[in-house]
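Okay, so here's the structure we're looking at.
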Amino acid sequence: KEEDFEIIDKKQLPDAAELRKEEKAKPEEARWSAPILSLAKKASENLALSYGSALKSASLVGLVSKPGSSDSPAKTNSRCHTMEERANLMNMMKLSIKILIQSALSLGRTLDSDFPPLQQFFVVLEHCLKHGLKVKKTFIGQNKSFFGPLELVEKLCPEASDIATSVKNLPELKTAVGRGRAWLYLALMQKKLADYLKVLLDNKHLLSEFYEPDALMMEEEGAVIVGLLVGLNVIDANLCLKGEDLDSQVGVIDFSLYLKETQDNDGKQDGGITAVLDQKHYVEELNRHLSCTVADLQNKIDCLEKTNSKLQEELAAATDRIGSLQEEQQQLKQQNELIRERSEKSVEVTKEDTKVELDTYKQSRQGLDEMYSDVWKQLKEEKKIRLELEKELELQIGMKTEMEIAMKLLEKDTHEKQDTLVALRQQLEEVKAINLQMFHKSQNAECSLQQKTEAISSFEGKTNEMMSSMKQMEERLQQAEKARQAAEERCNKMKQELAGRLDACRQQMAQLDSKCSTLEKELKSEKEQRQTLQKELLQEKDATTLLKTELQQMEGLKKELRKLQDEKQQLKKVREEQEQALQEMGLHLSQSKLKMEDIKEVNKALKGHTWLKDDEATHCKQCKKEFSISRRKHHCRNCGDIFCNTCSSNELALPSYPKPVRVCDNCHTLLLQQCSSNSS
């Protein structure tokens with residue numbers, strides 16, 4: 001299928017022959033423009049292809065207006081314009097990343113902030129992030145910064161918190177644009193720029209607060225750019241943020257970096273027309289970018305002028321405030337001096353008053369202590385009297401309870417005796433009834449009368465005994481009643497006496513209570529006075545403690561001075577001892593030097609000595625006797641020669657051996673002479 005649009009009108013293009021003639025007529029001018037034309041041609045081809053694909057996709061989705069659609073031509077033009085901008089920015093991003101990676105690989109993959117391709121990469125990335133940004137109004141003016149969406153990365157990815165804190169702590173950065181550039185620098189150095197931007201693209205609902213719906217970061221081009229940024233992880237960037245003015249940098253794309261030198265080929269001369277047109281498009285794009293940057297700079301200048309005027313006003317207000325605060329400070333100093341003098345005077349007056357009050361308090365306290373001791377003695381005596389009365393009351397109450405218990409026992413006895421009398425009367429009635437029955441039976445049977453007369457006589461004896469016992473019981477009852485009446489009279493008398501004593505005790509208790517209440521009131525007043533005096537005493541104690549602490553500090557300082565003096569004397573003694581030791585060491589050193597010289601001489605004399613092998617010696621070196629099984633070989637540890645046992649029986653301590661070792665007679669005499677000369 002054919003495309004729905006045409007990029008160039010072929011009728012308006014000149015012929016190839018005419019162009020060749022013009023190029024031959026002006027060969028010098030065409031040489032320098034050849035690389036620009038070739039690059040512009042490639043860029044225009046890429047732009048045309050991307051633009052055509054974007055238009056096709058937009059027509060399929062419904063963004064591009066069709067003949068029957070109701071959208072206005074202005075809307076379609078604006079959409080096409082934004083699509084062109086997105087495609088151009090994406091192509092520029094591809095070029096910048098490609099050239100940056102190639103140059104980094106050629107230089108060894110480590111780049112500085114002064115590297116031009118790296119600077120242009122950040123400029124292109126800044127344009128991509130600024131595309132479709134919403135304008136936010138502040139009290140200074142309109143703000144359009146890409147640092148706002150970058151701040152979201154800290155919330156979405158906690159690893160980016162270090163970058164955010166380091167950017168905020170940089171004192172040189174004053175604008176949001178500078179902070180955003182510093183953030184991009186640090187993310188590239190961490191090799192996580194693609195990861196952070198991918199996190200942002202995954203949360204497009206948050207990006208919608210900062211970008212328009214048709215912005216580059218909200219469309220598929222943003223995902224493509226993030227995929228391209230992954231290739232920058234190959235580069236090691238060493239960027240220094242200190243000392244760089246990131247706030248005032250002008251973000252202009254330099255297209256001269258992307259121009260390549262091309263060789264003059266005859267086969268490529270036919271594309272001159274398209275190159276001219278592409279160069280025209282390139283210049284127009286440059287003009288558009290420059291106009292945008294000029295407008296941005298003008299807005300920045302206006303904002304800076306407004307902020308400058310406001311800051312000047314704030315400075316004037318601040319200077320006025322500082323002058324007023326200095327005057328207030330002087331007044332406060334004067335007031336503080338007056339208050340200090342008054343407080344010192346009041347402290348002296350209070351000290352004198354407290355001394356007088358202390359003296360009065362001591363005197364009053366002595367009198368109160370005497371009064372308190374007298375009252376306490378009286379209270380003790382009254383308590384003793386009260387205890388004795390309570391004991392007598394308890395004894396009388398105990399007597400009364402015993403009397404009541406005895407009365408109850410007597411009443412029980414009388415009740416029991418009355419019960420026995422009733423029972424005996426019943427028995428008498430029964431006996432009478434039996435007698436009647438027996439009398440009737442005696443009439444009926446006379447034989448039984450004779451037998452039972454004895455029983456009747458016995459019964460009559462029993463009745464007589466019972467009657468005598470009844471009389472005795474009645475006498476006892478009369479005696480008990482008399483005793484009860486006498487006890488009741490005694491109880492009444494005791495009750496009367498106790499009531500009289502209780503009344504007297506109650507009167508005494510009331511008097512004592514009144515005295516106690518008066519004493520308690522006096523004690524309360526004395527306690528209050530005592531509390532006030534205690535508070536004053538505490539204050540004076542605090543003052544005394546402060547003075548004591550100062551005295552202790554002074555004593556501590558004196559002790560420290562003494563210690564320092566003692567240390568000074570000790571150090572003097574140590575210095576003297578060390579000087580003596582140094583003198584002794586000097587003497588020892590001189591002696592050791594002499595010994596070393598002697599040893600060197602001995603070593604020079606003994607340098608020719610070597611350690612002989614057992615096979616080389618067959619006779620003793622001194623006595624010239626032949627070695628055998630009985631005459632064994634022995635090495636001298638000093639000269640290394642082999643001797644017999646008799647010629648090497650001596651032992652001496654050598655410097656190369658810790659213990660005394662075998663030495664020949666000659667070495668023994670030599671070493672002894674050296675020792676004697678050294679000792680002398």
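Including glycine, each Cβ sits where the backbone N, Cα and C put it.
What TrEMBL records for this protein:
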- 112-244: domain 'RUN' (DOMAIN)
- 287-345: coiled coil (COILED)
- 463-584: coiled coil (COILED)
- 614-672: domain 'FYVE-type' (DOMAIN)
Taking DSSP states H, G and I as helix and E and B as strand, how many residues of the domain 'RUN' (112-244) are helix, strand and coil?
82 helix, 10 strand, 41 coil
Which numbers of helix, strand and coil residues does DSSP report for the domain 'FYVE-type' (614-672)?
8 helix, 14 strand, 37 coil
Return the average pLDDT for the domain 'FYVE-type' (614-672) as a whole number.
87
